[in-house]
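What TrEMBL says about this protein:
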- THR238: active site, nucleophile (ACT_SITE)
- ARG266, VAL267, GLY268, ASP269, THR289, GLY290, ASP291, GLY292: substrate binding site (BINDING)
- 1-37: signal peptide (SIGNAL)
Amino acid sequence: MGYFCIPSSQQLPRSNSLLKRLFLLASLLSLQLQVLGHGVVESEQYPLVVSTWPFLEAVRAAWRAVDGGSSAVNAVVDGCAACEELRCDGTVGPGGSPDENGETTIDALVMDGSTMEVGAVGAMRYVKDGIKAARLVMQHTEHTLLVGEKASEFAISMGLPGPTDLSSKESINKWAKWKESKCQPNFRKNVLPINSCGPYHPSPTNSLEHPEEICSNTVQMQTMNSFLPHVGLHSHDTISMAVIDKMGHIAVGTSTNGATFKIPGRVGDGPIVGSSAYGDSEVGACCATGDGDVMMRFLPCYQVVESMRLGMEPKLAARDAIARIARKFPNFVGAVVAVNKTGAHAGACHGWTFKYSVRSPAMADVEVFTVLP
Ligand SMILES: *[C@@H]1O[C@H](CO)[C@@H](O)[C@H](O)[C@H]1NC(C)=O
């Protein structure tokens with residue numbers, strides 16, 4: 001929206017200036033109609049902020065921005081940045097989710113659903129402002145995703161504070177306890193040793209000389225993994241947010257410090273466009289959260305938006321995206337929220353009860369919606 005295609009005069013036949021004028025007139029008329037049509041919807045539905053989980057302060061921050069006339073992109077950044085500062089749930093921003101080495105890293109993404117520009121950082125170290133770093137990648141580079149130490153160098157060189165120690169007393173304590181309990185649970189599979197800390201080696205049952213054991217072992221490990229308490233309820237809580245601004249432009253953003261006790265170097269769904277979030281101002285947006293390692297294989301948010309493009313209602317699109325994953329990974333834990341461009345929203349989830357937050361002009365404050373699996 002907002003991109004009205006008025007052909008430049010070079011593209012029209014120079015010889016026929018009447019045709020040219022008629023064409024221009026038609027373009028201007030359709031422009032005016034679209035703007036008017038928009039205004040009607042605007043008064044009821046826009047602006048709109050939708051976020052995973054009851055991250056009330058984040059939604060309020062985004063709402064203040066977008067209600068005050070900010071662009072969708074800037075409102076999404078304000079909203080996610082509020083969550084980073086508040087360290088929502090300990091899983092967004094600095095000071096949470098230590099990896100196997102006790103270090104906290106940041107994953108974040110921002111997408112402009114009108115230009116389809118995306119900026120993201122993965123496994124960023126020493127810089128706490130994930131979503132602002134993502135916006136710097138989007139607005140000041142031709143790239144989409146920067147990772148690791150180089151992402152931090154870029155962010156600092158472009159003016160963000162750092163280098164900063166991203167661990168906190170809580171994250172260090174959590175990690176120390178995990179080390180004491182022999183690094184259990186963890187994200188390794190088909191390795192030795194099974195019941196203690198590393199260094200790890202591929203388990204010999206994976207050798208091609210014993211193909212029959214590969215299968216039984218894999219099944220056993222996956223079953224074990226799906227019951228590990230950390231793969232689920234509190235270690236994958238990403239903020240994923242969608243905003244429709246007063247112009248009807250859509251933007252989405254995410255920020256997370258990833259899975260607790262992840263293997264260093266792991267990047268989850270957070271900075272993967274189409275997985276944790278996706279938006280297209282012509283269609284709508286989607287936010288996702290959950291077991292990112294599984295979900296990123298299905299690009300569930302891309303799926304949701306494309307289903308809506310083909311005419312699916314938000315509720316069906318959300319359920320369909322979740323069902324596609326559940327068919328292959330019945331034990332996965334995750335959720336998506338679908339929002340269409342007129343502001344209708346719906347969630348779907350699997351393996352847990354999911355909540356998401358919404359603020360619209362019809363609401364006095366943020367409202368929290370609960371979705372049952
Ligand atoms: C958005 O979804 C609502 C509810 O399903 C539907 O009534 C409306 O027509 C949809 N809007 C668009 C533009 O598809």
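We count from 1, first residue shown onward.
Heads up, the Cβ atoms here are built off N, Cα and C, so glycines get one too.
Keep in mind it's a predicted model, so treat the numbers as computed, not measured.
Distance between Cα atoms for ARG266 (substrate binding site) and THR238 (active site, nucleophile): 15 Å, as a whole number. GLY268 (substrate binding site) sits 10 Å from the residue listed as 'active site, nucleophile', taking the CA atoms of both as reference points. GLY292 (substrate binding site) falls within a helix when secondary structure is assigned with DSSP. For ARG266 (substrate binding site), the Cβ neighbour count at a 10 Å cut-off comes to 18, with all displayed protein chains included. Residue environment of GLY268 (substrate binding site) contains 24 other Cβ atoms, counted within 10 Å of its Cβ in all protein chains. Each of the binding-site residues GLY290, GLY292 was assessed for Cβ neighbours inside 10 Å, and the highest tally belongs to GLY290.
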